[in-house]
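Chemist: Dumping the structure here so I can ask a few things about it.
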Amino acid sequence: MAPAEATSNDRSLPLEGSIKARKAHDTKHPNGKLNGAAIHSDQTTADVDENAELKKAFRNKYRHVQAVHSRSKPSCLSHDTTESPSFLGFRNLMVIVLVAANLRLVIENIQKYGVLICIRCHDFRPNDVRLGLLLYLMIPCHLLVAYLIELIASINAVSARAARTKRGGSASPTVDENRRFQLIWYVVRVLHFINVTAALVTTSWMVYWHIHHPLIGTLVEVHAIIVWLKAASYALTNRDLRHAYLHPVKGELDALPDIYRECPYPQNVTLGNLVYFWWAPTLVYQPAYPRTERIRWGFVAKRAGEVVCLSAFIWFLSAQYATPVLRNSLDKIATLDFLAMVERLLKLSTISLIIWLAGFFALFQSFLNGLAEVVRFGDREFYEAWWNSESLGVYWRTWNKPVYQFFRRHVYSPMRSRGWSHMAASTVVFLLSAVLHELLVGVPTHNIIGVAFLGMFLQLPLIILTSRLERMRSANGRLLGNTIFWVSFTIFGQPFAALMYFYAWQAKYGSVSRMMVGSGSVLLGSGTCRVA
């Protein structure tokens, strides 16, 4: 026998012996007798195992004959691939590239401008601080006025129901009863309108003419708009509850949301109920809300820490990076150098996007969740996954749920129920939203130039154009819609508005800017600092 053959037989003997021994053992019945069905099943299993063992032994012995190409397979990036490849590695690469590119900008910014941060340098005038604080504390008084109006209306409703002759408790209101209700509602509506309009108009007028610093003015104006929306929701909701209370048509009271039974009308018209609504992180009034069982103070501390850290981060980016880019854009805008303006716009887009994302997280995730925890507010869906928006319409419905819920409940739905078309109701919603956006931006910056108004109102035609992409089932349609959303958001949205209002501010207060430039200083959003 040749040595090679002896080696081959020696390798195969132990394998064959072990397979035959296991096969003989497995085919026996537990009592020592052979079982026909068990023999057939176990023989099949043993044959499979024997073949696998033989193939393994064959591969170990003949390694150069392995079949590498055994079936047809497409490339993983081909269209005819059966499994979609994962792009997790490319995502990690994009993150690395983004970090590296922004790190280069950080180094370039410091080399060019030095450190522009100055904690003690600010432009908070004492008059701005005093007046802003006074207005901030006085704005909630209009909610108190709204409560007094509703309290008088509820007392009148209780008297009217007690005096009215009962007709089984299920009849519709008579013509006289309906006329009386409409008259009372007309008076209540006029009083509410005067109250909320005075709150918004007075605050806007004081901020525009008497508060110079944009940050203080913005905080006051935001508070006034929030109270205006809350007061409107408080009045409209109680109006419907009062009508259902006075004229309980059979089945209507049972159709009210179940949660309303915890505090039915007019028991909800109390000062404590209104104060809770004032502090609750919602713009839609309800007599009762879902509540949590306890307050997690550790959770509140974490959210407060996030708000502080993100606010400092936003201030740092605004002062160190955004302000120099904005200042360097002034001469380009003045000379209408469009190519240079586009370059400035693209450079500002990254900074403004980071600032906006940090502000979004600080407000909707950190602040509102912390506030909700303190007041034990249960429904904390303040936003949805808007970053995956397939169209601009999806974005506006998901990124700011409190505002969306207000306009849908108190503007869009009532108009639709009165026969208005979807387009007409949507136009009114975006028109009101555009006015509020202009007040929010134009009043604190003392420049009502209409950029914020047009930027918001012109979203409507863009929503119509991208609505078809939203209805598409294909992945390509969703990808295209999401791309259009991000391009319009990062380039033509925030950066353009920031450039326009900064230019308008400099045009209005140009003497201050020229004086600061002449003395070698930079005018920052939060103050002035010496250029290093």
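Heads up, the Cβ atoms here are built off N, Cα and C, so glycines get one too.
In TrEMBL, annotation is done automatically, which means it is predicted and not curated.
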Chemist: Of 275-292, 419-436, which range does TrEMBL call transmembrane segment?
Modeler: 419-436
Chemist: In terms of Cβ proximity under 8 Å, which residues at least six beyond the ends of the transmembrane segment (304-322) contact it?
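Modeler: Here the qualifying positions are 105, 109, 113, 115-117, 348, 351-352, 354-355, 358-359, 361-362, 365-367, 370, 498, 524-526, 529.
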Chemist: Would you say the transmembrane segment (133-158) and the transmembrane segment (215-236) are touching, if the rule is that at least three C-beta pairs must lie under 8 angstroms and be 6 or more residues apart?
Modeler: yes
Chemist: Which of 133-158, 183-209, 351-372 shares the most C-beta pairs under 8 angstroms with the transmembrane segment (479-504)?
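Modeler: Counting Cβ pairs under 8 Å, the winner is 351-372.
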